[in-house]
Amino acid sequence: MTTARLIEIFSAIQGEGLNVGTRQIFIRFALCDLRCHFCDSAHTWSVPSTCRVERSPGLRDFETHPNPVPLNTLLTWIERQNSPGLHDSISLTGGEPLLHAPFLVEFLPLVRRATGLPIYLETGGHRPQQLQLILPYLDSVGMDIKLPSVSGEDRWNEHAEFLQACHQADIEVFIKAIVSSQTDLGDLAKAAKLVASVNPEIPVFLQPATPLTPSQQFGGIPIQAPTPAQVLHWQAMMKRELKQVRVIPQTHKMLNQL
Ligand code: SF4
C-alpha cells in the first residue's frame, strides 16, 4: 500500500516568494535531510506518530490521524479541503517533499485530476534526481539557494543542476535565499551568477531571516535579521546580474498564519 508520512494538512495564505498572498492547500511532509541554522520547522525533521488534518478550509478544526497515511485517504482529505474557487494551488512543503518522490509520482497525477489545481513545490533545491521523477506533474517550483554563511549548508552544485532542470522543463521557478546579519557578500554574488547562468529573468527573493527564540535555535546559533542598509546594498549588487531581485520577509508570520 502506498503511504505518505505527513506533519499536517491545512488551507492558508502563502507568505513567501512569488505566490505570496495566494490561497493554498498545504501538504506538509515529514523529514528533512538538511539542518539549516534558521530552520523554523525543526519539528518536521522526523516522522511523528500522528499528523493533523484540517477538516474545513481555514477553520483550524484539526483532526489527528496516525502516520503513515494511505494515498487514497490523503486524496479524500484534499478533496474535502477543495472548496470551489477558494484555492489557487496546492503547496507541497515540509521538511523536504522530494524525500517522498516515489509517493508523489503516484499521488500527483491523481490529485491534479481530482482538484484541477496547479501543483507548487517548495524545496531546498538540493535533490535534482528526485525532482526529475516528479517534474511532469509540477506547475511551479520555489527553490532555496542555501547560502553557506546563513544556513550552514553548502549545496552549490546541486542547486545549479536543480535550477537547470526546472528551466529546461519550462516550469515556472523562482529562488528564495534567506539572508541574515551574517550573510556573506561573496555567497550572494555566487548565487546571482548561478541564477544568471541559467536565465537572468528568473526571480530571486531575498528573505530576511525571522529571528528565532533561543529554544527554537538549532545548535544554539542565534540568527538576526539584516539591517536595512545591508539589504539595500545586496539587492543593488544582485540586480547587476539579475532582472528581478525582491526583498520580502515571511508575511504569514505578520498575519499570524500557519
Ligand atoms: S531545508 Fe527547510 S525544513 Fe530543512 S532544515 Fe532547512 S529550513 Fe528546515
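Using the three backbone atoms N, Cα and C, a Cβ is placed for every residue, glycine included.
Since the structure is predicted, the reported quantities are computational estimates derived from the model, not experimental observations.
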Given TrEMBL lists I13, Q14, G15, R28 for substrate, the same-site residue among T93, T115, T123: T93
Where G15 (substrate binding site) sits in the secondary structure, as DSSP reduces it to three classes: coil
Listed binding-site residues with Cβ under 6 Å from ligand 1, out of I13, C32, C36, C39, S41, T93: C32, C36, C39, S41
DSSP-derived class (H/G/I helix, E/B strand, else coil) of R28 (substrate binding site): strand
